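Enquirer: Pulled from TrEMBL, these are the listed features:
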TRANSMEM  39-57  transmembrane segment
TRANSMEM  106-125  transmembrane segment
TRANSMEM  131-151  transmembrane segment
TRANSMEM  188-208  transmembrane segment
TRANSMEM  220-237  transmembrane segment
TRANSMEM  286-305  transmembrane segment
DOMAIN    311-383  domain 'DUF1736'
TRANSMEM  372-391  transmembrane segment
TRANSMEM  403-424  transmembrane segment
TRANSMEM  430-449  transmembrane segment
TRANSMEM  458-476  transmembrane segment
REPEAT    499-532  repeat 'TPR'
REPEAT    533-566  repeat 'TPR'
REPEAT    601-634  repeat 'TPR'
REPEAT    703-736  repeat 'TPR'
């Protein structure tokens, strides 16, 4: 549908329009930069953006990728697609108290498609899509910046004119190579920001399409306005920031389409001057379009609110300490300090870190703190820019500065802590969209300097140097995101006070088996944050394995004292108490863990081991059965049931449990081995032999498998085969218990048979 807004000057509007296009100041006029055809400009931007992040294509799943992708059941085919619309980004139910309420079903859907096409968790496909998305967004930025810097103007045939080809190319290059974008591109969970940005830009370009000129007058298309709202909704379903495009479209409409002078309009409203009605606000349909945008935005937010529920996200003090400060002054001053740090990351993206929480940025608690200077500098610059954006007599300058500030500030508002608490201090990924505003302001500043400078080539070389440095920084940072070890270690020099950085380095070392080094980093994490229960739990686990039980118990006891509902720490405390032979306390700890986490198969497994040690066989079997009900693939629980039933002479029951287990986990060689032992004792030699051989094929270097198969052959009378497997077993493990004795018995028997035969 097309709404025609006629006025007395409509017949001559097109001629007036082209005269305005020629007389309005052109940013490109004084800029010494490359002038390329639109197609080649986009090719250059695509190529350079690809080169920046290409080396991340074969990186691992790192940091948050584990929770959002590997451990997210919503990616698997067996999970109904409908569940994506009721779960958060991490796969938890939105109604859960532990949900972060991050509702991004379309992003999760793309992860699921990646997983299905790759046939599993292979990170290459995930990384390639992220790189392609950033390249696409960077190419779109050429068109977006040509509108923001050059204005929205059309030819006689309705084709949009690019009146700022040089500066739009420069701004797009600045965006494409900005190192702060590395987290979004090289970190797979950054897909949310990339998809959001893609539909954010498409919404803006769609809104611009609503204002094509034709011979009938100044028109706008309701269809394209509604398309813009729908694309904004899609952007929000990729990440929450997407909804802000509707506000930016309204700002763009007022400043570019209606060419409003905001300061003049405010003055007229304050003085009750009715001439504001003739300012174009009503004549060009601005209020109608803004009403459409507001109605669409309110509807989207209401639907999201209904799906998400009314409960706020659950965050802790370590995630965002300023938001938990009692003093309004402390909260306000620290929020503003965070804003200044975000601005600094845009200006000088050299110190980048995967996580800025947990003491990385100590709270400002007094005006005597020297960091107040950063706040003053930020607001000095912002107020100066706002004054120029409102008060300058140059309408072109007002428009560009206001759009630059709008794109810098408005997409950042959801992360500002102004409307609700967020779960981070600083997150580089949330600056992806605000960096558009930074690129506008940088490019405009460059054009002003070029206008004043006598030696424009020096300025051009300086900007080329900045671009080259950023490309190199992107490549370096992308390589750091390729593995958790490089990523975590890179943060040690940036945030040495961040307990989570030391924790993650320690966890990475522990996973690789370097326990001694891991202990050092876990201890430092606990020193930096004495309430860091996860570091205490992991450190306690390592000390338990090293048989340093006393300190392990102290750490785990402190962890559950700080966080009484920490189920994993309760279970680990129970394991330590069991090792210290304090069985009653261990049992109590296990049941406390199960109280706080009803579905806890590992805890039931350890509880079963405790009961087995106490000869409470029925209780042990029940505990292990609970573990297998909750987790049917819990091999250890199945094995222990078979072994306990075997040892207590319940061979028929042991056989039944073994067969049940193998139906659920048909390729588990340890279950084959346990069931083969039971069948051998039941004199089902043929079936037992088949299972032993299958287990040995799966794990040929297990000495016990060969030893027990040899015992089977020994009983069965296949003495040559028994001799062969005894010898293999002893070769693999010369100290294997009982094997040497059985082998000697067999040799004596063979010697006796030879003598009789002789």
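Easy rule for this one: first residue shown is 1, then count along the chain.
In case you wondered, yes, glycine gets a Cβ from its N, Cα and C as well.
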Enquirer: Are there residues at least 6 beyond the ends of the transmembrane segment (430-449) whose Cβ is under 8 Å from a Cβ of it, and what are they?
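Expert: For the transmembrane segment (430-449), the far contacts come to 27-28, 30-31, 141, 144-145, 148-149, 167, 170-172, 174-175, 178, 180-181, 184, 190, 193-194, 196-197, 200, 241, 244, 342, 345-347, 385, 400-401, 403-409, 411-412, 414-415, 459, 463.
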Enquirer: Near the transmembrane segment (220-237), which same-chain residues lie under 8 Å Cβ to Cβ, leaving out any that are not at least 6 residues past its ends?
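Expert: Same-chain contacts beyond the flanks: 1-3, 5, 103-106, 195-200, 202-204, 206-207, 209-212, 243, 245-246, 249, 285, 289, 292-293, 296-297, 300, 304.
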Enquirer: With DSSP as the reference, give the number of residues of the repeat 'TPR' (601-634) in helix, strand and coil.
Expert: 27 helix, 0 strand, 7 coil
Enquirer: Any chance you could find the range in 39-57, 286-305, 403-424 with the most Cβ pairs under 8 Å to the transmembrane segment (458-476)?
Expert: 39-57
Enquirer: Is the repeat 'TPR' (533-566) packed against any residues at least 6 beyond its ends, judged by a Cβ distance under 8 Å, and which are they?
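Expert: Long-range Cβ neighbours of the repeat 'TPR' (533-566): 499, 502-503, 506-507, 510, 515, 518-519, 522-523, 525-526, 572-573, 575-577, 579-580, 592, 596.
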Enquirer: Averaged across the domain 'DUF1736' (311-383), what pLDDT does the model get? Just tell me the whole number, please.
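Expert: Mean pLDDT for the domain 'DUF1736' (311-383): 89.
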Enquirer: Can you work out which residues elsewhere in the same chain, 6+ from the ends of the transmembrane segment (286-305), have a Cβ less than 8 Å from its Cβ atoms?
Expert: 3, 103, 210, 220, 222, 225-226, 228-229, 232-233, 236, 243, 246-247, 249-250, 253-254, 257-258, 260, 280
Enquirer: Using DSSP, break the repeat 'TPR' (533-566) down into helix, strand and coil residues and give each count.
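Expert: Reading the DSSP string over the repeat 'TPR' (533-566) gives 27 helix, 0 strand, 7 coil.
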Enquirer: What are the DSSP helix/strand/coil residue counts across the repeat 'TPR' (703-736)?
Expert: 28 helix, 0 strand, 6 coil
